[in-house]
Amino acid sequence: TMGSSPATLKLLCPSVGECSPAAAPAAALLCLSDSLYVSEYFSQSAQKLSFYSWYGNAKLFHFRVPEDTVLLRWLLQASRGKGPECTSMEITVHFRYGAPPVINPLGTRFPANATVRASYNISITLSSAVQNTTFVNVTTPAAGDWFIAAHLPEAASRIEVKGFSTPCPYMFQADMFVLRLTDMPVLEPSVAMPQTVVSPAKPLHVKVFVPRHAARMQLELRSCVTSEQKACAVRVVLGSIMLPQSFQRILTCMGNANCSLALDSPPWEKWLQIMVESLGPANASVSVEMLASFTACRPGSTSSFLNFSSLNQSQTGPRPGGTGAAGSSTLSTGAASRNASSQRSVCVQNQPVVREDLDVVSIRYRLLNGPSVPVNSLSPTLLLLNLNTGMDSGGSLVVSLLLNKTSMNLGNATVVACVSAASPVLSLNAMQNCSTAFFQGYPLSMSTSSPEAMLIVLYPQTDDWFLSLQLICPKGQGECNAAEAKVTVFAYLTPCFNDCGPYGQCSLLRRHGYLYAGCSCKAGWGGWSCTDNTKAQSVAAQNLATLLLTLSNLMFLPAIAVAVYRYYLVEASVYTYTMFFSTFYHACDQPGVAVMCIMDYDTLQYCDFLGSVVSIWVTILCMSRVKKILKYVLFILGTLLIAMSLQLDRRGVWNMMGPCLFALVIMIAAWVYHGVKRRHCYPSSWKRWVFYLLPGITLAFIAISVYAFMETNENYYYTHSIWHVLVACSVAFLLPPRDKHKKPWAWSQKLTCRYQICQNDREELYAVT
């Protein structure tokens, strides 16, 4: 249920009374009938939300719900800034148990063979109110990890220059309240336990532990009587809520007759919560006798102590025919054929699996008997894939199966597989839907006509995962009794499937101590693993973008030639530096296949930004026509300060605007000084203004406008190329003319004439044209 107004815990539980006045602020003790409850509060710091373009933009919150929790309440607080840039906004919040939610706000395609189950989500709207508070209540939640992901709508394609506009801050915080039963009664297997439901407002909560290898659980209610001697009416809810899907089993018992509910493949080695509610009058209590019984599954194993010697052998790749484990496979197959009656008495054949941790969110599963496992029709072959450390849910579980067609002599037989969490599917021949008591598994099938099968589980929930395989014949199991198939199994956990492909980058994300991975796509590709090519750029478009962004820097050649011709050798060196690093930075910065990096990417980017800002700095100082010694001191000092500021914030707009404004102040002051001293406008020539300064200033303003307001992700390759051309051309126009009494290439005359021509270096005597 949801609400938008705050409410206290007593509103949720109106019959709950205080049990101890000396309760802690974050954990209050409450009494309900003869049961003791504890309310606990968990909070995490608020996070600033981002517009969504990939999974890294979603802000993740990780909570852990304790055992015996009967009520969970999320307190979701969203707020925004008060500035005029803040508008109405819709925040999407996703919930999931066991792993981060799998979301798809952009509607892109997932990779083939990937399992996708939509997450449970709600929307929070921030309109006229600056803050919004929303509550989400979950009764009988599953104990363990719970995740919340929040994000804003799809990000705009326009490239924002940092500093030109102030983005509105949207904040989100999630707090968790839980009501936990401290003395929940334990229902022992095969032992009848009488219990009393005090009233319909006070349900009864009990729990039972499901042992390992439990194939079936039977819950029976007997001797149901009411305090008013009326017909007994109770409702029994088995299991806990696990978003986005919940498989709670509900049993309604009417009258005094016994009623029961059977669960196939209940979750192994877990506490199963049972809630009994009275459907009778408000003041009537119900007495009932509860009995839980289990049917054990007798496991068989083809492993022995000698199998552990294979731990020292490398199994890094597939081996056709199972040559690396031929001995053990042959031995197990022979033993199975000699003792068929033993196989009939077991319900599952265990295959030993070793979990090998490779890196963060990276696991490989090795089969001790080799990559090939025998599969028959008498009982399922079972493999355990351990993902219960709490740090394994941030990647992708990949299960790849390959049927050895030569090992199966029945052409119409099928090998059916099922991947499930918490407990395995033990009856593949009878249950084709691949479901357990509280989990819907993922089915796979192989045959001689289609021998391969693959499954990708995105963000698998924290639990023990099982792979069950069994041979099935369409005409019945009789003809399959003597048949056996061999299936090569490769299972691993990877941060990003296929490393996000050639058009994506796998990024490791962190929320406090929890690590998870996501793909950031490039070149128009999209999707969870960057496999959606709906908006992808063609190779020709990628080559065109690279050529435009790199060759447009050649427009600096006219500026370099003008600078050298006018004897501005330092300025020409700076322009050459900028042209070189801008060319190779954009050659390395391309998202597609047309990429060439001559250095580390970060080094190229820093040098490109440094060269761009220093080029503007030296050009404006050169236009100011200050004394040479002062000009070169400002060159060096400004370059050092620019290098420092770029190291602090490379993309800040003031790293470019600051030097530009300061240099403009120096230039205007110098021009005013020259004009006052000469008693006429400086520069004095109208031709200089009309044919050089005004065109150069116009090109510079157009370039800044394109750079700051017109660039988007789609048009970047040609708008940024226009920026290169306009800036380079403006530099060629704005460079001042050489000194009137200084001939170009004067340094060559010094080498040949062997004497120095005396000249007056006082700049104020020169006429500026």
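Quick reminder: no glycine exception, Cβ is built from N, Cα and C everywhere.
All annotation found in TrEMBL is predicted automatically rather than curated by experts.
The compositional bias 'Low complexity' annotation in TrEMBL covers 308-318, 326-338. Summarising the annotation, TrEMBL assigns region 'Disordered' to 308-338. Summarising the annotation, TrEMBL assigns domain 'EGF-like' to 492-531. Residues annotated as disulfide bond in TrEMBL: CYS496-CYS506, CYS521-CYS530. Residues or ranges marked as transmembrane segment in TrEMBL: 544-568, 629-648, 654-673, 689-710, 716-735.
What TrEMBL annotates, mapped onto the structure for a quick look.
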residue	record	Cβ within 10 Å
CYS496	disulfide bond	22
CYS506	disulfide bond	19
CYS521	disulfide bond	24
CYS530	disulfide bond	28
(message) I'm trying to understand the geometry here, so how far is the Cα atom of CYS530 (disulfide bond) from the Cα atom of CYS506 (disulfide bond), in Å to the nearest whole number?
(response) 10
(message) In whole Å, how far does the CA atom of CYS496 (disulfide bond) lie from that of CYS521 (disulfide bond)?
(response) 12
(message) Given a Cβ distance threshold of under 8 angstroms, which distant residues of the chain, six or more beyond its ends, lie next to the transmembrane segment (629-648)?
(response) 570, 606, 609-610, 613-614, 617-618, 621-622, 654-655, 658-659, 662-663, 666
(message) Can you tell me which parts of the same chain pack against the transmembrane segment (544-568), counting only residues 6+ beyond its ends and a CB-CB cutoff under 8 A?
(response) 537, 575-576, 578-579, 582-584, 586-587, 589-590, 592, 594-595, 622, 717-718, 720-722, 724-725, 728-729, 731-732, 735-739, 742, 744-746
(message) Averaging the per-residue pLDDT over the domain 'EGF-like' (492-531), what integer do you get?
(response) 91
(request) Please report how many Å separate the Cα atom of CYS506 (disulfide bond) from that of CYS521 (disulfide bond), as a whole number. (result) 9
